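S.K.: A single structure is presented below for examination.
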Amino acid sequence: MALHKIFRAVIMGPPGSGKGTVSARITKTFGLKHLSSGDILRANINAKTELGLLMKSCIDQGQLVPDDVMSRLILSDLRALDQSSWLLDGFPRTVSQADALDKAYSVDTVINLNVPFQTIKQRLTSRWTHLPSGRVYNVDFNPPKVPGLDDVTGEPLVQRDDDTPETVTRRLKAYETQTDDCKNVFPYRSKGVLQSFSGTETNKIWPHIEAFLHSKLSSVDEKCEDL
Ligand code: AMP
């Protein structure tokens with residue numbers, strides 16, 4: 001779908017709620033640029049940048065990276081995408097981050113994934129990742145064609161250090177206390193741009209998200225053409 005107006009979207013939800021998979025489908029279907037805070041941090045860790053080395057222990061322990069570091073990192077990457085439509089994944093995660101984003105950009109829609117924590121625990125501990133691209137597989141319902149290898153590059157898949165059962169529990173706790181509780185005070189609900197999708201299977205949630213975005217993007221584009 002070719003867009004006339006710049007469209008800015010955020011996807012939120014607990015770790016393992018399917019944000020990565022849904023984001024990949026959104027970017028493929030609607031051509032938005034995808035920016036994932038977790039992928040950016042992992043790329044810094046892989047490249048052994050100063051920031052990556054400082055943040056690695058935080059991430060490995062399932063704790064959130066400090067707000068000021070995270071907001072500076074994401075806002076500077078977004079500046080390079082000023083003329084593009086984008087989908088932000090994993091940021092904001094706290095009220096302070098949401099405020100920082102709100103000061104810089106007006107967001108057109110926020111997609112919120114509601115998935116029960118029990119489903120997520122099961123999912124995350126059977127998840128395998130292709131680190132360079134961020135592509136994710138699940139040995140139960142989305143296995144790679146060849147076990148242990150990425151479908152596109154044939155490179156090895158790894159289990160993320162923070163996908164162990166103990167760390168998953170800690171990450172979900174961090175989400176519950178720092179992100180979920182404050183969703184009500186995020187600027188988005190009051191602005192009417194927050195749209196929630198609930199379920200236990202990404203494949204069943206996806207058609208609703210796709211239909212929602214089709215209608216949302218068409219209306220944004222029509223308004224633009226009327227100007
Ligand atoms: P994710 O891949 O989105 O689950 O992120 C992996 C880890 O990166 C998280 O458990 C946090 O330690 C860190 N992280 C990612 N995004 C943020 C954020 N917006 N604020 C703070 N920490 C983050």
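Every residue gets a Cβ built from N, Cα and C, even glycine.
Sharing the features that TrEMBL gives for it:
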- Gly16, Ser17, Gly18, Lys19, Gly20, Thr21, Arg127, Val136, Tyr137, Thr202: GTP binding site (BINDING)
- 36-65: region 'NMPbind' (REGION)
- Ser37, Arg42, Gln63, Leu64, Val65, Gly90, Phe91, Pro92, Arg93, Gln97, Arg160, Arg171: AMP binding site (BINDING)
- 126-163: region 'LID' (REGION)
- 127-162: domain 'Adenylate kinase active site lid' (DOMAIN)
S.K.: List nothing but the one residue from Gly16, Gly18, Gly20 whose Cβ has the fewest other Cβ atoms within 10 Å; the candidates are the binding-site residues.
M.R.: Gly20
S.K.: Indicate whether Gly20 (GTP binding site) is helix, strand or coil by DSSP.
M.R.: helix
S.K.: As a check: which entries in Gly16, Gly20, Ser37, Tyr137, Arg160, the binding-site residues, place their Cβ less than 6 Å from an atom of ligand 1?
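M.R.: Going through Gly16, Gly20, Ser37, Tyr137, Arg160 in sequence order, those close to ligand 1 turn out to be Ser37.
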S.K.: Taking the Cβ of Val65 (AMP binding site) as the reference point, list residues of the same chain whose Cβ is under 8 angstroms away and which are at least six residues distant in sequence.
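M.R.: When sequence neighbours closer than 6 are ignored, Val65 (AMP binding site) has Leu41, Met55, Cys58, Ile59 within Cβ distance under 8 Å.
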S.K.: Counting only residues 6+ away in sequence within the same chain, which have a CB under 8 Å from the CB of Tyr137 (GTP binding site)?
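M.R.: Listed in sequence order, they are Arg127, Trp128, Thr129, His130, Pro143, Pro144, Leu157.
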S.K.: For the domain 'Adenylate kinase active site lid' (127-162), what's the mean pLDDT in this predicted model?
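M.R.: That stretch averages a pLDDT of 90.
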